[in-house]
Amino acid sequence: MFKDVFRYYKSRNPPPELTKVLDFDNVDTLESKIKRVTIKDIHDLKNYGLQPAKTWEAYELIEHPGLIFIKNPFSSIGQRYWTVRCLQDYTKRPNKTNLDSFKLVPEGKEWWDVCQNNHDKLLLNKLRWVTLGYHHDWDTKIYSEDNKGEFPKDLSELSRHVAQALDFNFNAEAAIVNFYHMDSTLSGHTDHSEQNLEAPLLSFSFGQTAIFLLGGKTKEDAPTAVFIRSGDIVVMSQDSRLCYHGVPKILQMDSRFWDCFNQNNLVNKEFREVVHICKEETLWKPFADYLNSSRINVNVRQVLKRGQKRLCSESEDKK
Ligand SMILES: O=C(O)CCC(=O)C(=O)O
């Protein structure tokens, strides 16, 4: 079932009918399908590019308890900030990327700089993922203490604040940053590698719009399709945490949220240079160009259980 719906939305010829895709830009049409979620008032959000919590609109899908959708709570400069961090900073070594094994980026150089300096669009489009913190192992799907980097403090704080606003305790310990182009897809899967499966999974998106499919615990359950636009946050918690999900299609955006630029203040003292890039149109331009035909998704997970200090190795597990 999941596969059939995936194939339907992925199809170019004929293109899919989009009327059944849940659209949080038109919540009036979703009345029977969603319920409003209460947001706790959290302070200091502007440091992370977020609007005041009392302005957020968050909804839970009635048919998928625990799936929470927060309609873009970012300011436009906030969207710019996270875009710059993902492209320019999180792609730096020792974080891991899909490009590592191809040795396409010379030692001592960084992917974003090489792409910009050489106008290398091919290399730009080859980046598909970056992993942060406990690195996702794409083969074994097992996290390990031996395969772990530092988790970015700003992303950890952003995640903690968003989780707190929804009344969750959350410690960001692993993330996959996914980079999609107009023909990219992500097939249906569940995220079950984390030892803590009670903690929610937080997903931040910037750039082009995605059709996101959320199914049930098996591939036989029919999925619901939802538009995810730039700035939207999806939280998979409770009954939805282990459900099948995927992205069958990326669509050209409805509007460029990151360009509705007012000098809304973003004060991040630790990353002044990033904020400077966001405010200077000429410095921001290469990032805007990237977003015009791509989507960035930052998928953040807690790996350890509360109070757990480290992962046990498999042999320790068996004791
Ligand atoms: O791109 C998305 O919205 C979903 C990404 C995802 O499911 C994953 O990284 O596991």
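The backbone N, Cα and C atoms fix where each Cβ goes, and this holds for glycine too.
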Can you tell which of His161, His181, His245 TrEMBL lists as binding Fe cation with His189, Asp191?
His245
Given the Fe cation site residues His189, Asp191, His245, which other residues of that chain have a Cβ within 8 Å of the mean position of their Cβ atoms, reported in sequence order?
Gly188, Thr190, Cys243, Tyr244, Gly246
If I restrict to non-local contacts, at least six residues apart, and a C-beta distance under 8 angstroms, what lies near His189 (Fe cation binding site) in its own chain?
Tyr244, His245, Gly246
Under 8 Å between C-beta atoms and at least six apart in sequence, can you list the same-chain neighbours of Asp191 (Fe cation binding site), or say none if there are none?
Leu201, Met236, Leu242, Asn299, Arg301
